[in-house]
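If you check TrEMBL, you get these features:
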- 1-32: region 'Disordered' (REGION)
- 41-61: transmembrane segment (TRANSMEM)
- 82-103: transmembrane segment (TRANSMEM)
- 109-128: transmembrane segment (TRANSMEM)
- 186-210: transmembrane segment (TRANSMEM)
- 296-323: transmembrane segment (TRANSMEM)
- 335-357: transmembrane segment (TRANSMEM)
- 369-390: transmembrane segment (TRANSMEM)
Amino acid sequence: MAPDTSTLTRKARRPPPEKSARKPVAKRPPTVDPVADDTGWVLLAAIVAMLCTIGLMMVLSASSVEALRSYGGAWVFFTRQIMWVAIGAAVLTGAALVDYHHWRRVVPLLLGGSFVLLVLVLVPGVGITAGGSSRWLGTDSFRIQPSELAKLAVLLFGADLLARRVDLVSDWRSVMRPLLVTTGLIAGLVLVQPDMGTTLLMFFIVFVLMFVGGVRLLPMATLGAVGFVVSVILAKVEGYRWERVSSFRDPFGDFENTGYQVAQSLVALGTGNVSGVGLGASRAKWGFLPNAHTDFIFAIVGEELGLIGTFGVVALFVAFAVVGIRTALRAPDRLGALLAAGVTAWVCGQAVVNMGAVTSLLPVTGVPLPFVSFGGSSLVVTMAATGILLNVARQARRVPATA
């Protein structure tokens, strides 16, 4: 019997399969022991509670002198921080109780609202300018920082996009272009303020989402190289940025100018030695170290609590990273894995950048230490993001174990 030539012809003409995207980190519900995973969200909540407690304690100590000089009372910043912690705790609790899938519904609202607020910040007479940057809206006594809300909006948008279009994660038109254009537009408004630190952090969050989502490594490497070149160009265009990049390697070489803040930070850390000079006994907070209760609060931790105190703070962030990664790997679905990885990258990446600047390992970018530094917008939004992570962790333990 002669072979069916029409069948052979159809097989020969069949086009080769398209090159698929790299396998994502989490594609299907994993096998999880519901009892063994019961501690994930509890550990996260405990870590955040300890960091906030340390933050309250150190804000009171680091800000007392500045508050007394500026407002006539040493407790001004501390009482404000208590208020922000209370609001943040309520927001975290609410986010932890809301199914993380529902956040998809508010992504357009968050993106649009962030865009409008970021534009308003740049309008003369509307945005509040301090230290050469226009980053805030409100009054001198009550401010909000829209770039913090923008980070959450970018995270939710990226996670939702990569979760919905799982089969097209490396497609330029369907995923990469809308993801990068939207992030670039929001980050560009933040950069104009100027706020280089938050801009880089946004792209870092998106980069992690792309990796977890399964985007091929070659496009990611290309984007990373382009981003590095653009960052160097932007740093050189603005002289003060390049001075920060140059001075962090030897802050004492330009002690009276660009290296002053980092040099004073290192002096404070060195003074603390192993056990510290004692809680409340810092000398750096007496006007020697600028931003002692905000971006450089980690230096006060080292001075008053010593190497033991700084190791304790670092250990808490390491624990946050471990539990966050564990949550991403055990998330019930792709969206949960992306959200967990994004929040973990946000919190721990920002902590690394802050502590790196304080210890002169990285250039100063002006980002606060999560849960510890004084600040309302950063604390509340970060706790909202952490609440989403807690909800993913709570749902992960419900996945039934299989043989």
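Including glycine, each Cβ sits where the backbone N, Cα and C put it.
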Selected stretch (most C-beta pairs under 8 A with the transmembrane segment (41-61)) from 109-128, 186-210, 296-323, 335-357, 369-390: 296-323
Candidate ranges 82-103, 296-323, 335-357, 369-390 - greatest C-beta contact count to the transmembrane segment (186-210) (under 8 angstroms): 335-357
Folded-back contacts onto the transmembrane segment (82-103), same chain, C-beta under 8 angstroms, at least six residues removed: 41, 48, 52, 55-56, 156, 160, 335-336, 339, 375-376, 379-380, 382-388, 390-392, 394-395
